[in-house]
Amino acid sequence: MSQTEPSSVTEAALKPIEHAPPATSSKGAMMVLLAAFLGWMFDGLEMGIYPQVARPSLRDLLPGAAEGDIGFWHNVVDALFLSGAALGGLVFGYLGDKIGRVRAMSLSILVYSLFTGFCYFAQAPWQMGALRFIAAIGMGGEWSLGVALVMEVWPAKHRPLLAGVIGAASNVGFLLISFICFVFPVSENNWRFIMLAGAAPALLTFFVRLFVPESEKWQESQKHGPTAPLKEAFTGKTARSMWLAIVFASVALLGTWGAVQKIPAWVDNLPAEHSVRIGVEGKADASGLLVTKVSPKSLAESAGITAGTIVQSVEGQAIKTEMAIYEAIQAKQKKLGDTITAQVSQDGIVRTVSLTIDKWSSNPRAKAVCGMLMAVGAIIGCLIAPLIGAKLGRRPAYFLLCLASLVVCAFMFRAFDRYDGAFMAMAFLAGGTSAAFYGWLPLYLPELFPTRVRATAQGIAFNFGRIFAAAGALMGGQLMLLWGDYAKMGAAISLIYVVGMVVIWFAPETRGKPLPE
């Protein structure tokens with residue numbers, strides 16, 4: 001240990017390594033893998049927080065706002081987050097090539113954890129967006145640094161498996177935050193504490209600085225004199241690879257953030273299988289009297305609906321009632337906003353009564369369950385994708401991932417208008433197919449670039465893709481204002497996978513080749 005303690009967490013992040021094992025030793029390699037896994041896992045946890053808290057936080061920050069406005073701000077905050085991640089990939093990728101992978105990784109973890117915690121203090125949507133932007137700068141740097149470090153330290157024969165492990169790490173974080181939100185359902189009253197908990201990964205900085213060795217390949221590359229990784233990434237032989245990598249990452253990220261990551265918010269706005277709220281209001285008869293004493297159950301049964309558990313209260317001349325009658329209403333092909341008219345006999349007088357479906361009742365844990373299923377699917381997808389790449393080749397694997405994601409998203413966003421068992425099964429598949437790219441990208445991108453520019457080039461490619469994803473999120477916000485429908489928005493944006501199915505055939509096949517030096 002050092003003879004003097006660092007005066008701040010930032011100093012600890014920048015402090016030279018003193019007792020890390022050699023990178024070439026098995027212990028050193030395991031420390032590298034563990035640090036990259038934990039860093040990317042907590043990165044995933046930080047990314048997964050907002051889909052869980054988005055609607056509760058925006059309902060709190062925008063009291064009485066319409067669903068279209070909430071969806072608009074949800075997409076704006078996502079766009080700011082993705083823009084920050086793109087900037088972070090550039091900044092921390094550059095730092096990784098200049099000051100070392102480990103020091104830069106420590107700083108990236110510090111930034112994303114602290115500024116996620118600061119979201120606790122947000123008082124307006126723009127403040128939430130600004131804090132998410134800064135946090136994302138750190139998140140954007142973590143991926144390229146961890147991938148570069150692991151791929152440079154471990155032998156080539158382990159690359160497919162390690163790519164899957166690294167890709168799965170972020171989804172372990174998604175699973176963890178979804179489980180936390182299942183145990184502690186997020187509401188307008190407690191979302192701030194969930195954000196505050198996001199500061200905890202800052203403690204990982206100390207582990208990284210003390211126990212994780214620097215890449216010996218990076219150290220060797222520094223002996224050849226000063227490098228200009230940013231310039232070299234876009235010139236010479238690497239330029240074509242750079243633009244192709246940007247396209248591949250953009251397709252994956254736009255599909256994820258523009259469509260699939262909106263599924264938990266969509267669930268929060270969908271009816272459950274057996275839950276609906278109905279407004280019951282009597283119409284005046286010839287004498288001008290309103291029906292206010294008729295049992296809500298008798299009204300429902302008169303309309304041909306079997307009522308279940310009923311909670312009744314009277315608000316002026318209208319009776320509000322909640323019933324477990326969703327299936328019956330679905331059988332009548334009734335939707336939100338529809339009115340059912342019934343003839344009710346009371347005291348020998350026949351009156352007309354209308355039942356208006358004015359609000360679906362949602363399960364506060366449903367989005368957490370959905371998030372967990374998506375995360376489990378994503379973990380499996382990330383582990384399988386690089387193995388497919390090793391077996392069939394990098395290009396066929398990417399094509400199949402795009403095709404599978406397109407088919408699953410096209411079906412899911414068009415076939416469901418409520419959440420039930422079938423919906424959750426499709427959410428599992430959507431999580432698996434769309435996240436599988438994050439097992440493929442750590443395998444393929446390092447194989448496109450030489451060591452001296454690898455972290456910078458990967459950071460640019462992966463996070464430049466987030467710029468396009470940010471543009472897609474802004475477009476999604478406009479679609480929400482236009483349609484007010486998460487399903488229509490997701491169906492439109494998921495067509496981006498067609499682009500990936502075409503462009504991949506213009507890229508080089510790298511299966512069986514060593515990393516370029």
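Cβ atoms are placed via backbone N, Cα and C, with glycine included.
Copied over from TrEMBL:
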- 32-511: domain 'Major facilitator superfamily (MFS) profile' (DOMAIN)
- 29-50: transmembrane segment (TRANSMEM)
- 70-95: transmembrane segment (TRANSMEM)
- 107-124: transmembrane segment (TRANSMEM)
- 130-154: transmembrane segment (TRANSMEM)
- 161-185: transmembrane segment (TRANSMEM)
- 191-212: transmembrane segment (TRANSMEM)
- 241-260: transmembrane segment (TRANSMEM)
- 366-390: transmembrane segment (TRANSMEM)
- 397-416: transmembrane segment (TRANSMEM)
- 422-443: transmembrane segment (TRANSMEM)
- 464-483: transmembrane segment (TRANSMEM)
- 489-507: transmembrane segment (TRANSMEM)
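Note on the transmembrane segment (397-416): residues 248, 251, 255, 259-260, 263, 270, 385-386, 388-389, 422-423, 426-427, 429-430, 433-434, 436-437, 440, 444, 487-488, 490-491, 494-495, 497-498, 500-501, 504-505 of its chain, located 6 or more positions outside it, place their CB under 8 angstroms from a CB of the stretch. Residues 78, 82, 233-234, 374, 398, 402, 405, 409, 413, 430-431, 434-435, 437-438, 441, 444-445, 448-449, 457-458, 460-466, 468-469, 472-473, 475-476, 489-491, 493-494, 496-497, 499-500, 503-504, 506-508 of the same chain, all 6+ positions outside the transmembrane segment (241-260), place their C-beta atoms under 8 angstroms from a C-beta of that stretch.
On the 0 to 100 pLDDT scale, the domain 'Major facilitator superfamily (MFS) profile' (32-511) averages 77 in this prediction. With pairs at least 6 apart in sequence, the transmembrane segment (70-95) and the transmembrane segment (130-154) have 3 or more Cβ pairs within the 8 Å limit; the two touch. Contact between the transmembrane segment (161-185) and the transmembrane segment (422-443) holds: at least three of their C-beta pairs are under 8 Å, each pair 6 or more apart in sequence. Ranked by Cβ pairs under 8 Å to the transmembrane segment (464-483), the stretches 70-95, 107-124, 366-390, 422-443, 489-507 are led by 70-95. Taking Cβ pairs closer than 8 Å, the transmembrane segment (107-124) reaches residues 9-10, 13-14, 39, 42-43, 46, 49, 57, 61, 88, 92, 95, 131-132, 134-142, 145, 192-193, 195-202, 204-205, 208 in its own chain, all 6 or more past its ends. Here the transmembrane segment (366-390) has long-range neighbours at 48, 51-52, 159-161, 163-165, 167-168, 171-172, 174-175, 177-179, 181-182, 185-186, 260, 263-265, 267-268, 270, 272, 396-398, 400-401, 419, 424, 427-440, 442-444, 511, meaning same-chain residues at least 6 beyond its ends whose C-beta is under 8 angstroms from one of its own.
Sequence-distant contacts of the transmembrane segment (70-95) (same chain, at least 6 residues past either end, Cβ-Cβ under 8 Å): 50, 54-55, 58-59, 62, 103-105, 107-108, 111, 125, 128-130, 132-145, 229-230, 253, 257, 261-262, 265, 455-460, 462-467, 469-471, 473-474, 476-478, 480-481, 484, 486, 489.
Within its own chain, the transmembrane segment (422-443) has Cβ neighbours under 8 Å at 147, 150-151, 159-160, 162-164, 166-168, 170-171, 248-249, 251-252, 255-256, 259-260, 263, 267, 270, 369-370, 373-386, 389-390, 394, 397-398, 401, 404-405, 408-409, 411-412, 415-416, 462, counting only residues six or more beyond its boundaries.
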